[in-house]
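Trainee: Once you've had a glance at the structure underneath, I'll fire off some questions.
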Amino acid sequence: MAFSCFDKFSYTYCYQCMHGPDGCMVPSRNGEGTELYAHSEELEAKLRELARRGHMEIEKELALEKKTYGSHIKILILGGPLSGKSTIFKQMQIIHVDGFKTDQELIQYRGLIDNNIRDIYLQLIAGSRVVGIPLDPIEHITYEIDEIYAPMSDAFSVRTISELLEPLTEFWNSKQIQEIYKRRCEFELLDSTKYYLENLTRIADPTYLPNQEDIVHSRKATMSINSIVFEYTGVSLLMIDVGGQRSERKKWLHLFDDAKVVLFVIDLTGYAKRSEESRMELSRFPKFFRDVGSNAYDMKVALKIFNEVAAASALANAVFLLFFNKVDLFKEILSQVNLQPCFSKFDGENTYEETSKYICEKFIRAASSKKSVFPHFTTATNTENVKLVFRACMESVFKANAKATGLS
């Protein structure tokens with residue numbers, strides 16, 4: 001079956017724990033019950049039946065998919081916690097497919113952005129307690145905001161953000177919140193905080209519908225495996241985002257043994273953040289507090305994941321693309337947080353040039369010398385930057401494939 005760059009492919013897989021609470025995406029502790037189903041109305045009945053079968057049946061189903069889409073170059077997106085995997089995926093939809101343009105999509109993302117802004121507010125409030133900056137001087141503002149937010153449910157149907165424009169703007173511009181924001185690495189805070197709060201006047205307009213940049217900045221925990229097909233320079237690519245599949249990778253990674261490319265995304269600011277990967281994106285709401293004392297640095301977690309993925313026999317023949325993401329935020333944080341606490345052997349200057357080089361070398365060394373690894377630095381929220389970096393990546397992939405097949 002042939003696809004062109006004008007075809008929109010939205011066949012979505014999801015691996016779900018059959019033992020966890022309320023449809024939790026965390027695999028069960030005894031390692032049993034990982035089932036496969038597809039979010040598609042047409043296939044719902046078929047895949048309900050599939051969910052009752054075992055792993056052998058699942059693999060047979062995937063084998064059929066491989067035959068159907070065997071002509072595509074399969075690109076698997078993996079990475080560390082909150083690294084921007086889904087942002088890259090959205091950019092591919094914008095650049096190479098048809099983006100997000102339907103009324104239904106725009107209204108859904110508008111609701112998500114409203115929720116993101118509420119989460120940002122709550123995270124900043126929680127952050128004040130973490131960093132020890134009291135909010136007494138702006139208590140009247142937070143009281144007004146709380147009064148408006150209090151009746152809201154998760155899926156509020158009536159937009160009230162226009163009522164919040166004035167108090168939220170005053171809240172964001174306050175001395176206390178700006179000081180808390182400077183110390184954002186010490187607590188959980190959405191990367192889109194500054195972007196959304198500085199665009200609040202536009203977003204709060206009653207006629208507002210998000211543009212593509214607004215959508216790229218939006219944040220929603222990825223609980224499923226999403227895929228798109230698009231053409232690039234005459235070659236058909238199948239890109240798969242495995243963002244929500246956190247634990248026990250060895251149990252599902254072999255299902256993608258025909259992937260030609262692994263696009264591994266790393267959050268450069270992760271050197272300054274501590275987290276626990278297994279709980280990072282699996283809770284209903286963002287985690288407002290970080291337990292700094294007991295968790296590893298995000299970047300150390302990402303390095304461990306990359307080492308595991310690079311050593312996986314299922315991906316032995318894949319080309320690895322390293323996307324060192326959030327360059328813009330990384331440069332900001334470098335002036336406040338040194339690299340050495342995360343990497344004790346780093347003895348260079350805390351400049352962008354020296355720190356980025358050191359981090360890049362750490363990841364390259366984590367892969368076998370026989371691996372084809374191509375590092376790239378990017379800002380995933382910048383569409384033009386992603387477009388240029390992806391072009392450079394695919395040139396590397398095509399050259400590596402030509403070399404492997406003796407065509408170069």
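Glycine is no exception: its Cβ is also placed from the backbone N, Cα and C atoms.
Sharing the features that Swiss-Prot gives for it:
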type: BINDING; residues: 39-46, 79-86, 201-205, 216-222, 241-245, 285-288, 325-328, ALA380; note: GTP binding site
type: DOMAIN; residues: 71-408; note: domain 'G-alpha'
type: REGION; residues: 74-87; note: region 'G1 motif'
type: BINDING; residues: SER86, THR222; note: Mg(2+) binding site
type: REGION; residues: 214-222; note: region 'G2 motif'
type: REGION; residues: 237-246; note: region 'G3 motif'
type: REGION; residues: 321-328; note: region 'G4 motif'
type: REGION; residues: 378-383; note: region 'G5 motif'
Trainee: For ARG219 (GTP binding site), list the number of other Cβ atoms lying within 10 Å of its Cβ atom.
Mentor: 20
Trainee: Mind telling me which of the binding-site residues SER83, SER86, THR222 has the densest Cβ neighbourhood, counting other Cβ atoms within 10 Å?
Mentor: SER83
Trainee: Let me spell it out: take the region 'G5 motif' (378-383), skip the flanking residues so only those 6+ beyond its ends count, and list any with a Cβ under 8 Å from a Cβ in it.
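Mentor: Hits for the region 'G5 motif' (378-383): 84, 87-88, 91, 94-95, 191-192, 195, 212-213, 216-217, 265, 323-328, 389.
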Trainee: For the region 'G2 motif' (214-222), give me same-chain residues lying six or more residues beyond its boundaries with a C-beta closer than 8 angstroms to one of its C-beta atoms, as numbers and ranges.
Mentor: 85-87, 90-91, 94, 100, 109, 112-113, 116, 119, 190-192, 195-196, 199, 203, 241, 243-244, 281-282, 380-381, 383
Trainee: In the region 'G4 motif' (321-328), how many residues does DSSP assign to helix, to strand and to coil?
Mentor: 2 helix, 5 strand, 1 coil
Trainee: Near the Cβ of ILE203 (GTP binding site), how many other Cβ atoms are there if near means within 10 Å?
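Mentor: The Cβ of ILE203 (GTP binding site) has 20 Cβ neighbours within 10 Å.
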Trainee: Where does ARG219 (GTP binding site) sit in the DSSP three-state scheme?
Mentor: coil
